[in-house]
Amino acid sequence: MTQNENFQVDLGGVVEILSRNLYSGPRVFVRELLQNGLDAITARHEIDPEAPSHIRFITTGNQLRITDSGVGLTLDEARNLLATIGASSKRDELGLARSDYLGQFGIGLLSCFMVSPTILVYSRSARHPGSAVVRWVGRENGTWSVSVADPSEIPTELGDAGTTVVLDALPGERLFEYGVLRELIRYYGQYLPVNVTIERADSQEPGEPLTLPAAPWEMTHMQRDRWCAENFGFMPFESFEVEVPTSGVKGVAYVLANGASPGQSLRHHVYLRRMLLTQKATDFLPDWAYFVRVVVDTEHLKPTASREQLFDDELLEHTRQYLGDQIRQWLTRLAHESPRRFREFTALHVNGLKALAITDGPTRELVASTLYYETSMGVMTLDEVMSQHGAIRFTRTDNEFRTLEPVAAANGLCILNAGFAFDEELLGQLALDRPEARISELDPMEVLGALEPLDIAEEAALLPLIDAAEGALKGQDVSVEVRSFEPATMPVLFLPESDLAGRLIEQREARNATGAFDGLLEAFGAASVKKPRETKARLVFNAKATVVSELARCIDNTIVMESAVRGFYVQALLAGRHPMNTQVRSWSTSVFTSLIAHSLQWSQSDPGMPSAG
């Protein structure tokens, strides 16, 4: 006799939680049914290792039958099907803690209420051969019933043991349509270790197999690279296997074949015992490894309640760091075994390598010995710079390097361009690693010291030029000097004060400070005024430049002198992209206006001058 009984939980509330708060959408019912079938088959193999392993999806478009060859249920097991939900919810959030098996039949089955008003189950137990088929039905109104099935209603596909679940689609539901259902099954279960098929209920054709013979981590090198192109959308620069024994992780790492940016969020594919967990894992690798995407399977990492993400616990952090170690080991092997390929890698992903080197000592040593930097004496590694020149003097910006490079090169001074991402931090860490090495930012006065001073007679002859130039630049807090240096085509060189950047920051903070901080910064400012600066910005005229000699002969022409000196000064600031105040901007306008005016006057006074075009 069939007796209606009530669920031991508020089914309506549970389904609401499942559909609106727990799962991302109703399509996850496919994953839950696959997981239930897989767990049931796994349990049956403990009894009979030779038992068949298959899960069949049979659809009419409006009704779906899912049959597995698993361990099945007895009448008592079916009656207690959902009883564990209420008891286990006190322990693990809706009974979703899974140890021996990933699925828990009750909660997985309830997910079907998101697509069907009823859930009908037929099951025969493998533990009791010859036992009757159990019929269990659950309804969305919160009632369920269990009985022995009438032989006439038992699905023909149900074998000597296993379970068939029958679902009727909610109005307007399209997830039971053949094409939609096929893609969902492939999405979640294409690498499951059982035979999964789909078929139309009215077709005589055998079911369409949906599982693949090998997952990416089981493929040949060529196959897994093709998988990357088909699933990640790029052919990898390189691919290599990764493994973390503690968390049971096995997979493949793919190095991007084009440039990526630090902070770029890459999505990794994560499978949990060969069932897709997510294709959107963004925190599976260390932040610095933004040039790598992975596809992995894990045995022991813990999923969240929805089984669509991983708990970010100690085991996941260990896994993340362990995978980072393997990426670093691959980099080291590549640098030592294939220098040409390593140079190709650095051309693509130099920022990622530098970012890793900042926090990782072995990688810093690798970078110091293999990564080439631009210097005024040619392209060299950091180790080569220290070996050949005894120290590393670097510029913080690329513009500063471009300004000083021709002068430094012509005068035997080695300076290194550290004007790109992570360079300054990397050199700072390297200086801590090697306290005996001399690694520091270039002091502009070092450049001045490398330039050839004038003899007494030459200096005396050019003193009027120095005085006139300082007068022309009054208000700019810059001193004027003359040196003799190459290249002779460079008439002036601007050397900023040593800590100009720091002083500008202090001035900006003082302007923006309010209240108590305003007074505090004023106090610091007053203290700094009492302490004279060790260096001052300098405009250095080149005695080897012909135009400087000509300018020295125009000392009595105040207008020409001021215009020329200010023009050289503006040119030097622009070349190095140094900050310009209001006065300099005004000079810039007047100098170029004057230049255009003189050009126009010259063209009018010389009728034979060819016109443009």
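Heads up, the Cβ atoms here are built off N, Cα and C, so glycines get one too.
Bear in mind that TrEMBL entries carry predicted annotations, made automatically and left uncurated.
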Listed alongside Glu32, Asn36, Asp68 for ATP in TrEMBL, from Thr156, Thr163, Thr197, is Thr163
Around the Cβ of Asp68 (ATP binding site), other Cβ atoms within 10 Å, all chains included, total 30
Under a three-state DSSP reduction, the secondary structure at Thr163 (ATP binding site) is strand
Can you give the largest Cα to Cα distance in Å, as a whole number, for the residues Glu32, Asn36, Asp68, Thr163 that bind ATP in the record? 14
Per DSSP, Asp68 (ATP binding site) is which: helix, strand or coil? strand
